[in-house]
Structures are given as C-alpha cells and as structure tokens.
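Reading through the structure tokens given below for one structure.
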Amino acid sequence: TLTCQQVGYFSGRLQKFNTFSQMRVCVCLCTDVSAQEQPELFLKKLQQCCAVFDFMDTLSDLKMKEYKRSTLNELVDYVTVSRGYLTEQAYPEVVKMVSYNIFRTLPPSDSNEFDPEEDEPTLEASWPHLQLVYEFFIRFLESQEFQPSIAKKYIDQKFVLQLLELFDSEDPRERDYLKTVLHRIYGKFLGLRAFIRKQINNIFLRFVYETEHFNGVAELLEILGSIINGFALPLKAEHKQFLVKVLIPLHTVRSLSLFHAQLAYCIVQFLEKDPALTEPVIGGLLKFWPKTCSQKEVMFLGELEEILDVIEPTQFVKIQDPLFKQISKCVSSPHFQVAERALYYWNNEYIMSLIEENSNVILPIMFTSLYRISKEHWNPAIVALVYNVLKAFMEMNSTLFDELTSTYKSDRQREKKKEKEREELWKRLEDLELKRSLQSDGIIPT
Amino acid sequence: RTKQSLAFKMAGADSDDSLYPIAVLIDELRNEDVQLRLNSIKKLSTIALALGVERTRTELLPFLTDTIYDEDEVLLALAEQLGNFTMLVGGPEYVHCLLPPLESLATVEETVVRDKAVESLRKISHEHSPVDLEVHFEPLVKRLASGDWFTSRTSACGLFSVCYPRVSSTVKAEIRQHFRTLCSDDTPMVRRAAASKLGEFAKVLELEYVKSDIISLFTALASDEQDSVRLLAVEAGVSIATLLPQEDLEALVMPTLRQAAEDKSWRVRYMVADKFSDLQKAVGPEITKNDLVPAFQNLLKDCEAEVRAAAANKVKEFCENLPEDSRETIIMTHILPCVKELVSDTNQHVKSALASVIMGLSTILGKDNTIEHLLPLFLAQLKDECPEVRLNIISNLDCVNEVIGIRQLSQSLLPAIVELAEDAKWRVRLAIIEYMPLLAGQLGVEFFDEKLNSLCMAWLVDHVYAIREAATCNLMKLVEKFGAEWAQNTIVPKVLGMANDPNYLHRMTTLFCINALSEVCGQEITTKHMLPVVFKMSNDQVANVRFNVAKSLQKIGPVLDSNCLQTEVKPVLEKLASDQDIDVKYFAQEAISVLSLA
C-alpha cells in the first residue's frame, strides 16, 4: 500500500510510463536496437520501472503491470548477457529504480500478534515485480562490469540502512533475496563493512531489549556467520564485544527457536577463531539459562554440546565447575526431554574423555543429582540412562564413587542442618526488625 | 530530625556485631542457589538494619558495588531495594553513598534492571541537598551521559529532568548541552531514550530554553531517519505544545506536527492518531479548527487500517472537545462523512474501534441529528458480520438510551442479541451475557420476559462451564433488578426443574444457581422452594452433586433461620458426613463446622 505522498508522486510517474510504453511497447532491449542505442534505451527502461503499482488492488492497471513485468525481465536478461552496458550514468539510475521499488515502510502485520512459529506469513503482494527487481539488482552487483568504486557514490550508508530495515519483511522469499544482496554489498564495498556490522548490532539490540520483534534475525545471523568466518586474528575488541554484548543476549529472546541454529553457528565460529572466548561464552549462556521454558533449555543443551565438541581441554577446566552444576540441574529436570538431552552428553566420546580426565571435580558435582533421580525420576527411560552414567562414573573413578556413595546420607543431613541454620538466622533478623520497630514506636515523644 | 531517622540511629547504636557478622550475611547474598540469593536481596533492608547505618555504608554498599555481576532478576531486586535505602544508610546527608551501586546498575544490558535503577536514582535524587546534587549526583549523570556503551547513555536520559531544577545556572547549561548531545547520538537506542524524555525535560526548562533548545531538538528527532525515533517525538511534541504560549505554537511546533501526521511511516501516523486528543487539548481551539480537523479527516481515511482504527477510537473524544460554537457544524460537515465510510470499512478492527465510541456521538449531536444521521449507522453496525462490532454497539447502548430512548433500536437489537447469544465462540457469548443486566434495565421487564428470558435460561445449559457460570451470576443480577417476586414467578421454577435433569452437570447448575440466588431471593423463597430441592439432591447418585449439596448448604446457611438449620439442615449434613465418598465427607464436615452445627 502506498502513502498519500507516494500515490501523488507515482501517479505522475505512471502517466509518463503510460505514454512511454505506448510509444515503445514492442522495442526489445537486446534484439530490436543497435548496440549503440542500447545504453540509452537501458536508461529509459530503468526510468520506466520506477513506477510502482498498487498490488492490493488486483484489478487495476493489469496491462501496465504486465508491461512492467516484461520490461523487468528484459532488464534482467540484459544485465546478464550484455557487455559494455554499464556506463557511469547507469549507476544512479539502477540504484534509483531499485530504491523506488524495494524501499517502503513495511505494512503492519495482518494478525495482531504475528507469531512466526504459528501463523502463516503474509506474502508480499507486489512480489511479481519485486522479485524481478531483486533478481536484476543481484545480477547487476554480480556483473563482471560492476565497479564498486563508482557504485559507492550511490550505494551508501543511507541505502544500506534502508536495506537492513527491509529484513523485517514477513515474506521469507524477500528476506532470502535480501540476504544475497547484503552479502554481495558486504563483499564488494569495504568502506561499508563496519557500518553494516554496527547497524546489524543496533537491529539486534533493539530486538533483544526493546521489541522482541524482527523477522529477519535468522537471515542476518546467516550473513554474520560468514562474516565472522573471515575475521582476522587476533580478533578486534569490537568483534569480541559483539559476541558478548549482542550474540549472547540474543539467547534470551522468546522466539529463539526461529534463529537458534544460525546463532549457535556464529558462536561456534567465534570459539574456533579464539578459544580464549570460551569462558565468557559459557558464562553468558549459564547466566541466561532458561528458567521456565523447557524447549529453550533443550536448545541451550544442544548448543553447549556443539561448543564442547570444539572446546580445548585447558578451557574446559576453567568452566567445568559452573557448567556441570547446571548440567546436574538439567539431568534432574522433571521434564524428561531436558534430562534426556543432558544425559546424551555421556554418549559423546570427546565429552566423555574430558569428563574422565576431570572426574575428581565433576563426579562430586553430578553425584547427588544422579543418585537421587536414579531412585526418584518418574520416567523409566531417564532412570535407565542415569544408571548408565552412574556405571560409567563407577568405572572411571571407583574410589571416589564409593566414597560419595557412603557419605551420601551424611552429606544430605549436613545440608539439612545448614538449611535449618539459615532459617534460624533469618528468623533472628526478622525478630530484630520487629523489635526495632517496636522500639522506635516507644521512643517517639508524644 | 524525623522520627524514623532517630529510630534508626538508636538501632545502629546498639546493634550487636557478634550476633550478625557481616560475613554470614554476605554469604547469604552470595549463595549459589539463585533463589536463595534473590530472597536475601529482597530482604536487604533487614540485613542493613542488622548491620546498622555505619557498617551498611562502609561494608555492605562497597560489597554490593563490587559484586554487581549476577542474574538480572537479582539485580532488579537490588535496584529496587536501593531506592528505599536512604534511612538505612543514615538519612539524606548520606544518601549519596547509594549512588555507586545504582550507577553500575544503570549501565547493565537488561532494560528492566536499568529502568529500575533509573527509577531509584530519580527517587533518591529528591533526597539530595542542592550541594550534594551538584557534588555527587550531577557528576554521575555526566559520567553516564558520556559512557562508552549505549546502555549508560540511555539511562542518563531519564536523569536530566530530576536534577535540572535544583542546580546552579552553570551546571544547568552543562546539562542542556549533554541532553543535546544525546539527542543526536549515533545509536538509535539512545536517540529513542532521549526522544521519550524530551517532553519531560522540556517541562523543567525555562521558557527561553524551551524555545531555543528544545524546539530544535524536537524538530531534529521528528525527522530522524528511523521511524521508531520519529514516533516518540510526537508525544514530546504534545508536551512541548502545552508549554508554549499560543502565539508561538504555529511557528514552532505546528510545521513538525503537520509533517508527522503525514509521515511516510504508518507507525508515526498511528502515534499521531493515538495522541490526537492530547494534541487537541494542547494546541487549543483555533489550531484545532484550522489544522487538526483536516488532519483528523486524513487519519480517518488513512491507507493503513492500523491508523484508521487508532483515529476511529478518538472520534468521540475529538468531537467532544471541539469548540462549542462550531462543534455541530464541524462534526456534520467534516467528521460524519468520514465516519459513515468507516462503518463499511474493509477492516474489522477499524469497524470495531468505531463501534466502541460511535454511540457517544448521540449525546453531542442531540436527538434530531441522532435519529436522522446516527441511527442508520448504529443499525448498520448492529448487522455487521463481525461479532465484536455488534457487541461494541450493544455494550454502549446507555449513551443512546439517554438521548433517544432504546425503543428506537429494540427491533434491530433483538436479532443482533439473539445471534450473539448463539455465537459459536464462547467468548462472544460470555461478553453478551455480561451486558444482559444492563440491557434488561434499559429494555424493561416486559420486553425482557417476552424476548430475552429464554436466552438467559438457555445459557444455563451451555456446554462451556464459563458460560454456565456467567449465566448463574447473570440471574442474580437480574433478580437484583426485577425483585424477588419476579424471580419466584419466572426463573426459580425453571432453575429448580433442572434438578431432575438426566445430565449431572445440569443438576449441579441448579445448585450453583441456588448459591447465587438465595441471598437476593430472601429467606422465605429459599426455605420454601429451594431448600427441599437441595435436600432431595443429597441422595443423588453422582458424588459431585452430593458434595455440591454440602457446599450449597454451607453457602445458603446464613439465609436460613436457626431452627431450620438445627432440625433440617443438620441431619442432612450429618448423613453426608458419613458418605462413602471422601470429598463428600470433607465438604459436609466443613459445612458443619462453618455453620457451627457440631
């Protein structure tokens, strides 16, 4: 849908388009005119395609819509096959045509609370044209004749900013094209790289801390995945900050499942670049560990396993204590999928070898939970898995295992005693507070 | 010295250190279990009290400042606690001790924590003396305003307005400068925070600076590249407009507001529509007539349904607040034509927003105009395909009732009500039930008995419990309106008849109705008509019915006289108390004890 201003503007354009098309309706760009005339006709056709049609009204301008579609098709073919077409004057016209067509305020979502997991996305009505514009733009960017040094005058920060806003489109087809477009721009315009990263940062921060709504998170993360891959070592502070302050908090968002795979990929990329980041990453995941959403907990456990797959033993030692305290909580989760996902770690050979090396630390952390659920868990499959884990521990370090078994009861009693002491402390503190308030009543001069 | 601070002084003086070593208390704040840590933080005031003011300042606060890396939930509790800590650190002269931990909290990532820290900072800012404000508080604001990461700059935005009024003019100039810088910050998050505080900041500024500084900031933010910033400037614009003298409005604010009403982003236009009544009050009658009326027409005709719905919501308020001398003319010639179009809008949210306010126009336009111009619209909306639209019309009938009387509508009302009463969505049925007592009052007992009574009874056997429950409550309200005699003649027989229904759920509904009706019907009807039925149901073969008999007896006991309780109710409850079913026993015993029949 168009705003009033746009309508005014376009109706003017439309008229131009109308007369122009009648004049040139059968002149084909590639075949009907001589090579010298082609660049000029190319410019004219670009200008024609600046006219934008209202696709919400399915009956209006049918002929014109069809004509524009075939013109766009011609343009796509032309940039693909022609040589020597890209004159300097063509650049601003291409960018103008693309801008007029793709940059628009995205409409409000049809369903009041659009839930990407539940609802069907609203598809872009103008797709028959929009797709060809994207197609054309990508061919243009990928063309052998394309010169970033000229294009950078037109594909600037403002252009990129508007492009990034479009990633919020509900139409997955559009986001897919945008992904390719942004990827090409990031690849070809070195001067825009830092700016693009910063704006993506801002989008993510707004998403995490303000709106929790942005449709293109997965696509942006996918692009970032390959950007991170190309980071030079040692990593700049800016990139580390991005990891800790933006990527890790992305885990807190309700709709994590929609982009978790891409997010986990980015995280692992970072760790493969610089293993020293393991500690802040795992610390961050533990800080944001889901408290009420079991589905997210399973995702966290999956991501953690991916991280453990690439962890260096020296890094593992640094984080094993808090990490296994969390795993021990997951193992005893009443939600069997969470418990099961955590217990699967013991099927991972590399993780097993790390646990074995550090069994003197990990076994005492895990033992209580394992021992308790082996007797208490409602799900027989979980109990069976726990027996296997206990068995593995027994084989690993039988002395410690026996010791822990024999002290299990007295340890529980000690915990209970401590619990009681805490209650008494707080009771004394509350009595004190009460006494003080009585005192204060007493000493007030009346 | 206040009473309270004296009390705390005394408390501090005799606190027994050996009993509450800080290590033990800090251990509690460090506990591995988040829940326990959270509990301790929530009782931070108790800990501070135990330590006394001196040690709270020298030991507890430094500890808290140093260890601010925790779960956000713990930090949130801490930020809240510290806002109420002034007395616990020794009163206003020491309140600045609270600034370091709150400063750290104001820089964390999580928005709720930051907001809470800012809220606490705003609170304790008032407890600072003017000197402390300049020595301690204002430097903190400056540090936050020039922080590296956006979070601290965002927090700073909310602190300018609380310190500005009480500092020297040099410091004031600095504060204005900092605010100006943040309004053009690099990150949109900070610009959004600044835009959202612009109105508040303008209110504490001297008028000359409102004109020189604020207007240019407002204009810049209102044309920001991001629509999320521009839309926040709209609200600021409304506040600013209330501050300026009428003669400056046209030149300083109106061009920007006009531009916002035509912004290319629907979000901004939505915001204008949403704030339209405030805007109207802020700019006064003349500008309203010349500018806002055409702007409002455009918003009502906007291409985005979202904007139209927001504007439709404001129709009544806007019309109400039009200057009296030209109100009717403006409504009839400019607003009503747009409203007519909205009645057949393609979007149901728009129609439903309109339906929720359109009836209010009748009081403004008076009887003749209502009958001639509004009534056709009401009737059209009563036949709308979307139940929400019809419901909104029905729920606002009282406005029309006052002006033209409901009879004008009753012929069209009935089919609409019947259709809603049978809607497939139970929430729609529930909503119409809730309006039944109101409708009954307006339509009168005759109309009700003739047309609506059967609907009310039908709801009692609805297959959704929530509907049956609401229907029960509805009967009670109807009896309150029409009286006990009416109840005895029209509804009690039907309700009691259901006691013999083969479906145990319907039999239980009888009991629920009795629970609701006994009090409004009074002792006589309850004892004579209802009680025998309850007794009879105590022999029901379904345990759920039997224990509901026990519950009903407990409920209606207070309405009965003591003789009846002793001689009739008691034996039945005693029998139920020896029932085979454990729940029946439980509720029977409960009733016996509540009614003191043991």
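The backbone N, Cα and C atoms fix where each Cβ goes, and this holds for glycine too.
Under the heading repeat 'HEAT', TrEMBL lists B:21-59, B:175-213, B:214-252, B:253-291, B:292-329, B:335-373, B:374-412, B:413-451, B:491-529, B:530-568, B:569-598. Annotated domain 'Phosphatase 2A Regulatory Subunit A helical' per TrEMBL: B:98-279, in sequence order.
DSSP places the residues of the repeat 'HEAT' (B:374-412) in helix, strand and coil in these numbers: 32 helix, 0 strand, 7 coil. Counted with DSSP, the repeat 'HEAT' (B:413-451) comes out as 35 helix, 0 strand, 4 coil. Within its own chain, the repeat 'HEAT' (B:175-213) has Cβ neighbours under 8 Å at 138, 141-142, 145-146, 150, 153-158, 160-161, 163-165, 167, 220-221, 224, 226, 228-229, 232-233, 235-240, 243-244, 248, 252, counting only residues six or more beyond its boundaries.
Residue counts for the repeat 'HEAT' (B:491-529) by DSSP state, with H, G and I taken as helix and E and B as strand, are 35 helix, 0 strand, 4 coil.
Residues of the same chain lying 6 or more positions beyond the ends of the repeat 'HEAT' (B:374-412) and with a Cβ under 8 Å from any Cβ of it are 339-340, 343-344, 348, 351-352, 354-363, 365-367, 419-420, 423, 425, 428, 431-432, 435, 438-439, 442-443, 447.
Residue counts of the repeat 'HEAT' (B:530-568) by helix, strand and coil are 32 helix, 0 strand, 7 coil (DSSP-based). The repeat 'HEAT' (B:214-252): residue composition by secondary structure is 33 helix, 0 strand, 6 coil, according to DSSP.
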